[in-house]
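Straight from TrEMBL, the features:
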- 260-352: domain 'DYW' (DOMAIN)
- 69-103: repeat 'PPR' (REPEAT)
- 29-49: transmembrane segment (TRANSMEM)
- 61-82: transmembrane segment (TRANSMEM)
Amino acid sequence: YVEDSACEEALLLFREVQHKGLTGDKVTMVSLLLACTHLGALEVGMWLHAYIMKKNIEVDVGLGMALKDVMTLTALIVVLAMCGQGNKALEYFYEMQIRGVKPDAITFVGVLVACSHAGLVDERISHFNLMSEKYGIRPSIEHYGCLVYILGRAGRIAKAEELIKNMPMALDHFVLGGLLGACRIHDNLEAAERAAQQLLELLPDNGGSYVILSNRYSSSRKWKKVKRIRELVAERNIKKPPGCILIEVDGVVHEFVKAGFVPNKSEVLFDMDEEEKETALNLHTEKLAITFGLVSPMPGVLIRIVKNLRVCNDCHTATNIISKVYNRETVVMDRNRFHHFKNGSCSCKDFW
């Protein structure tokens, strides 16, 4: 079930196992904890940890002690990077070097992601070069993708395009998607068209590319081009994954699937009137899930939700304001990273 992303079914099956008086082994526990990770079910995860301790179930890393130092430090770097603590992640990377622990390719992915989320452009370029010059690690497509993202996110679109052109390997959707996302942030329509064209040639059924390009045309009020994109989507029968939010309340995971303040209406893709735009934005799944969390039986408890897509600017601003007005800390894990909202500000410092 977990390998098939049916995590809720996996937890329900374990409850049936318990009702039959059976106890899972270490493989069961690893699978269940992975399911909790995907669902953002912290309460259930904490209960499983207590269950493991109570039943004396052994859970080993399965990789041997020889790799444990680099594995543990790499895990810390990656997690801190995802949580927006880029500088702290880099401190562990420097500690790794001082201790003589040799970083591997995955370590450098975490380091580059840390620089991305902290907006450390020059440091990222330096670490990218360090990887091959000092440690002899050949950069992979993931490393190039991280570098393209940070250059694009910092507004260096032309530099990012040049890097892509000179890459020693074939393009993939990760690299082009990072560039396209940067074009979205900086409203660079020309570069977005180039990136989208390449991405659509590579993955013609990628619905997200059509949406981002349509959004750029919409923000530039190029309605004829928006209409053409919509026609292409219909002709090619493209299906975009619906926005989906998971929220855990009282140990139960609830799912919201999409069919405050002054909304950022540029996030609406089509030519609607202002009232229609507000209605469309108010139905974004983050807002529905956060509202459910606010009216849950446990006031004041941190709201924790998981989203399958990247959080949009409008929902990000809304959650910032909600965290201040209602004095409720909220953690959102989107497709890219964690956002921790508290007292009207986010851990990402609006850089994501």
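Sequential numbering from 1, following the chain as shown.
Cβ atoms are placed via backbone N, Cα and C, with glycine included.
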When DSSP states are grouped into helix, strand and coil, how many residues of the repeat 'PPR' (69-103) land in each?
27 helix, 0 strand, 8 coil
Which bits of the chain, at least 6 residues beyond where the transmembrane segment (29-49) starts or stops, bring a Cβ under 8 A of a Cβ in it?
1-2, 5, 7-8, 10-11, 14, 57, 59, 246-248, 250-251, 253, 304-306, 333
Do you know the mean pLDDT across the domain 'DYW' (260-352)?
75
